Structure formats: structure tokens, C-alpha cells
């Protein structure tokens, strides 16, 4: 393996956007002497991580999955949200073979069509317009028993904003003449990604048996009761919605179960609980044999029909480094480990040759405002050791704090999170200086720079569409304006003196002065 004289580290500060408005801007109010010094001393600018620049609809806020796919692939990758919305607009969705087969089989067997997913206009993990299209398609194909299991958001949307969505779907089912909302539960339970199976089991029992902490005859009533219990959308307890006869919905042999989330990372655990025969995350009271369909590909080992299989991305940064005989390291905490590996590699699970991975466990706390530094110290310990080992040409690291603490809506905690990351960056930059290394500091999307909704006054827990920082800690250089996340991989190759493959349509942003 060849080694560069200057190993390059890419530090991705998750959820770290730039915002002129300083009100409730945790990044602005944090004491960040390291980043202040680097911005004063080195070339820096701002790049785009949202909307059309990352393959999302115009104006759509960025997110971690999308951000890392663009960062790692070096091209604008049209995201599942855009792709599926286009299929609906073009009337291709209603003819999708995987979806049609599942619905038709359930109808033929006299069974029900169960549709589950994040009922939200957030567009990060799902979109309620896709769920509506699925409900319409099921009824159009003859399904009379259509049950919607709604996971509530409050994270990529305002904390208490689900009422409009639930009311809309109540009206939709009335218009269609068939179907109803069968259950509601917060995404905190249904969409865990950190092996907290006690949470997922509550969603599983709710969907399979209608077993819930609470029962109501209407979804909006259930939501209002949750608010009375001081539960925001994300944390709504399992609530079964009964029909006119007081009965709950249950999942039975021969039914269809269609998962309408298009983002993989928070869809995997609950999917495995439904389809893996050897599943051992929790004890399942029932294991109905259903026609399970995933909207997109969640993981290579999840064996279920996929409505929209992944598009194959070749010559991503990781693959190019492998093919050029270079070494690389991917490192992050549990919460963003999939992002610096699976997503950064264009949806490939297996590491490339010469690619090492280090996973640091995220702290076991209910919400990260309780420990805003998360595991950043341990992460940095490992990262500094890796730099000093001089084993790697390229190091990709994600610090999750800005995003994970930003999502809690806790301003003071978000400030502490930013300060913790700043201190860690100082250690990383010092370690790189000792070995003649350089680094690019950027982000995948914004979050912590806006901690309150200026209109409603509610906590702002979602991502933003703000530009993100782009700092080059290295040789004297200039940085082009108007960059985007897909320019980062070509920039790294350019700094290494490597040719940029044709598949990478991004452009190098950093130009070293001779």
C-alpha cells in the first residue's frame, strides 16, 4: 500500500449549519476557540447540503443519509424521496410490481393490507404523500381492509404537529370508503436504530396484536391524550385505535405489510423483527406469515421484496481509494456509524479493501441532551491514535453531537455539544500537524444553528436548509464559491494528486497555491 505524505482527514460535523440569525443559534453562542482560530488562519467557505444540490426537491432540508451519499459518491445522487414522488406523479407507482403483488395476494386471501411508516411531511425518512398514494392504490386494487399504522415524527417536524396529518388521513379513508388508522406510536419506539429492543417490541406488539398502553376510538383523540400526558409526537405511547365495534386491528397470516419508509437506517430493526425467523431481539408473542414489502432496500441481509431497489453507485471515494491501493479509516459513534460506512460507500455494506472501521458506542441515555458530549472524547482518543499510527491515507470521521443534541430541542445542551466537538477538533488538528496531515472540516446538513421556530416559538428539532462550513486546515489555498457536498470527494482526490473518475461529476473546491 502506498502512503501519502499528507494523510487527509474529513471531519463531518453532523447537524452543523451556518446561520446569519444568531437568535437561539447554538453554534453561534457556543464557545468554539478552535474553529474560530481555524477560520481565521485557513481557507474556508460555505457549501450547500440541501435541496436540488443533493438530489432532493427544491428547498427540501438535507439529512444525514443524503449528505453522506453525496459526500462519498462525488456526484449529485437523486434521492428516494424525489424518485418515488416522481413515480407517483407519473402514475408508475400504482403499477409497481412488488407493491401490486403484495396487495393482490392479500385481497385474494381475504386478508388485510397493513401500511406502516413515519406519517410526516418531513421528507427525511418518509413522506406522507407516498403513504397516501399507497392507501389509494390498495383500495383501487380491491382491498377493503386497509390499516394504517402511523409512526409519529416531531423530530424532522415541529414537536407537536401530527394532528393535521392524522386528520387528513381520517378524511382520506372516509373519501375512499375503506380503511382506517389502526394505531399510532412515536418514532422513538418504532424507529430505534441502537438495539433498544424494549422500544421496538412495543411497536411490534401494537401492529401484530393491537396490544397497546392505551386504546381510543379515534387517532386525533389519541394524540390529544398523549399531549395531555406531556408526550410530544416523537414519544407518543403505543395507542391502538378501535373500529366502530370497539375492535383493534391485528396482523394475520396472508395479510400484506408494507413499510413506507424510504430511508434505511431507522427501518432495519423493526423490519428484522417481522421477517427474520431467527430474530432474538425480543420474544415475539406471534409471528404471522405476511407478504412484507420494503419501499427501498434497507440492508443486503433483509430478504423481502423491494418496491424501489437501490441504484448501483460505482467509483465512490471508497472504491477509488481501494482501486488505487490507498488505505482508509471510517470512524464514528453508533448513531452515525452507518453514515460513514454504508451510506458514504453508496449503499454498500462490505468494507473496501484497505478500509478499516472503528465503532464507538453512543452513550445509553434516553435523549442526548442528558449527555451532550456523547462519546466524543472516546471517539477522539481512537481517532488521534489512528492518525499517529500513520497507517491511513484518508480518514473519514463523523461527530454526531450537533445533530443528535439539536434534535432534542434543548438549546443549552446543544451549546455544550458544540463546545465538546470544538475541543475534540483541536486535538485532531494537533495530531494531524505532527504527521504532516491535512483536514477538511464540513457538515452534512444544518440543525444546531436553529433551536427555535421563529414563527411558533416551539423548539426547532428538525434539520435546516442552511449552508454548511467548509474549512481546509492545510497548505495555503483558495476555495471556490458555490460548492456542494458532491464536490468533497473530488476535492480529496485532487489534494492527493489522484485523477478523478468520470462518474464523479463534482468539482475540486480547494486549489493549493504554489
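The backbone N, Cα and C atoms fix where each Cβ goes, glycine too.
Listed by Swiss-Prot as binding substrate are 155, 156, 187, 193, 263, 264, 265, 266, 336; the candidate from 91, 114, 125 that the record includes in that site is 125. With 14, 444, 445 listed by Swiss-Prot as binding Mn(2+) 2, the candidate from 64, 389, 486 annotated for that site turns out to be 64. Of all the binding-site residues given, namely 156, 193, 264, 266, 403, 407, those whose Cα is no farther than the 10 Å limit from the Cα of residue 64 (Mn(2+) 2 binding site) are 403. Scoring each of the binding-site residues (193, 266, 407, 445, 463) by how many neighbouring Cβ atoms lie within 10 Å, the top position goes to 463. Across 125, 155, 156, 187, 193, 263, 264, 265, 266, 336, which the record gives as binding substrate, the greatest C-alpha separation is 18 Å.
Around the Cβ of residue 125 (substrate binding site), a 10 Å sphere holds 26 further Cβ atoms from the protein chains shown.
Candidates 125, 156, 264, 266, 403 (binding-site residues) were compared with residue 14 (Mn(2+) 2 binding site); those inside 10 Å Cα-Cα are 403. All protein chains shown were included, and the count of other CB atoms within 10 Å of the CB of residue 403 (Mn(2+) 1 binding site) stands at 29.
A C-beta separation below 8 Å, combined with a sequence spacing of at least six in one chain, links residue 444 (Mn(2+) 2 binding site) to 12, 14, 15, 49, 62, 63, 64, 66, 67, 68, 71, 339, 398, 403, 468, 485.
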